[in-house]
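For 82-103, 152-171, 245-266, 281-301, 313-337, 408-433, 454-476, 496-521, 528-547, the entry in TrEMBL reads transmembrane segment. Annotated domain 'TMC' per TrEMBL: 346-452, in sequence order.
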Amino acid sequence: MGPVICRDNISVLISPRNRVLASKSSKKSRHLSCLADCSERMSLVRSFTLQALDLWQGTMKEVGGSFGSSVLSYFLFLKSLLLLNVFSFVINFSFITVPMLAYDHVPHVPPNVTFRGLELLTGAGYFRYTVLYYGAYRADSSTGLVHYNIQLAYFFTIAAYMVLCGAAVLYSMASSFKMNYVLSDPVGGGSWQLLCTWDFSVTNEKAVRQRKNNLRIQLKESMSERSQGTSLTPAEKMRHFGIHLGAWFISTSMAVGCGNAIYYLTTNTEDWSPAREAETLLVPFVVSLINLVVPLFYSLFNKFELYSSQRRQIYALIIRNVILKMSILGILCYFWVNEVAHKFLCWESMVGQALYRLVVFDFFFMMLGSFFGEFLSKVIGTRWIPGLGVPEFDVARNVLDLIYAQTLAWIGIYFSPLLPVLQIFKFLVLFYLKKVSLIQNCQPPRRVGRAAQMKTIFIALLFFPSFVGSLSLVAYTSWSLTPSRFCGPFKGLDSTFSVVVVWMNSLEKVPAAAWAVWVYANVVRSEIFYFLVTIIILFITFVFWQVTQGRKLLILLLRQQIVNVSVCFFFSKRVCGCWYPALSYFCHLNITRFRFQRFLPIYRSSFALLPPSSLGRKRQDLPA
């Protein structure tokens, strides 16, 4: 017989191997745990770094937690415009100003011109001869062995910036429209307000109580609006229509009158001589005063205008303010391109100075608006007239002020490449000023609409008419107007775009650049190319529109199926006393194939014929 091997001997023989395997597995587990700890620490460091780089993250949480998403949307909008101006300053300073300073870092200031301090308001005088304006840049810039073409850099930098801004704003508008209109639930009324309007960013206890009270008031108002819309007599409807028509007539007449007044001032103060430098402050003062006072007057229309919903009232106020601001800017742009461009030797710098003054005075009047519109309103509402109460933060008016300020920056990007520096300082001060004024002087809004959809409207207004109008003016200046003959990088050319023609003529002598010349001649200057691009864009837009409509129809059909399924199960429960899989399968089969809603009248009629006492019985207790 062979040797007998017991279980203890086997365990003794294989124990060294087990210890080796155990040590290897423990080392491997320690190595994996070390890697996991390192990766977790790296992720924490990365998240902390991103949070540190995220501008005003703590302030945003504080504002959102105390005042909700509608007020928070203003600060997020301000932050995005600030980052947009930072990007503008970086590319302009890097590709235009730095090469110019490397070539000629001393400004050519006449001996009789000194810095007096008034330039901080007028933008003229000493600033006129600095790189702040178009006229200080030269066409030739060669430093040693390096040749840098300022003309091409100036043109392509401005063009690239405008294209990138347009793409960013358009993409943001499309994304917001998709999330808030296409994919959002179109169901409104009391159910939407009850189930879907709670703002989960609110963390302050007082703000939570205020939000609950606001929701109760909104439900009452929505019910009263429905009853009012159905109970209005034809005479009352005609009276409301007459009031709306009169309000729109008055607001449009005021916008036209303000535009005429601005045109009269600009034509009578066109002598911008150094001796009358202080008089140039009259036009920006009047423009900023109109932008401050007239919107407050428009708000008085809400006292006697009766709209069926709060959203329509806000939209009417926004449209009136946009008409006012864009009509004033349209008058100023018309004056610049038709009067100033033909009467001054270095007219681009003169337009840049006018835009500088508009930006400065717009900043001052924004601060005055915070003082008079919020601080004094709180003092009056808490001490003198308690019935007024603490004011609310007017999101629509403040966002329109930001859109107007950004429109000035986009228009001035050609005439003053460093104007974004002033905008950055302006937005930084405005952010902290509005934050302090909001916390100290305002209360959470009593009426909370769909803040996300209002944000979409604001982005759409930023794109049109703000960006589209600014791009049109810059494009018209580059293609149609003759540059100044005695200043600027494009002096001696027929138009700003002529620099591209001169560049392509020089590339014809270079064999390696033959493809660029062909693209310019057959693509850039071809009307057929732009026609095809337009057709493709329209086709893609039509396809996406059809997809959107199909998704909306699908959502409606799915919602109707949910209703039908709920009715079917309710019927089976009330009639049969229990849930039968066969009946539920029959319901699903009819819903998906035979449109079960056709059978609902039969079910309802048979349900109504049953005696009330039999509805609560079981199946075996029902009468045959």
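Glycine residues also receive a Cβ, built from the backbone N, Cα and C atoms like all the rest.
Same-chain neighbours of the transmembrane segment (281-301): 121-122, 247, 250-251, 254-255, 258, 261-262, 265-266, 269, 316-317, 320-321, 324-325, 328, 332, 354, 357-358, 360-362, 364-365, 368-369, 373, 397, 400-401, 404, counting only residues six or more beyond its ends whose CB sits under 8 Å from a CB of the stretch. Looking at the domain 'TMC' (346-452) alone, the prediction's average pLDDT is 87. Residues 248, 251-252, 254-256, 258-259, 262-263, 266-267, 287, 290-291, 294-295, 298-299, 301-302, 305, 307, 351, 354, 358, 396-397, 400, 404, 407-408, 411, 449, 454, 457, 461, 465, 469, 473, 476-477, 481 of the same chain lie 6+ residues outside the transmembrane segment (313-337) yet bring a C-beta within less than 8 angstroms of a C-beta in it. For the domain 'TMC' (346-452), the DSSP-based tally of helix, strand and coil residues reads 80 helix, 2 strand, 25 coil.
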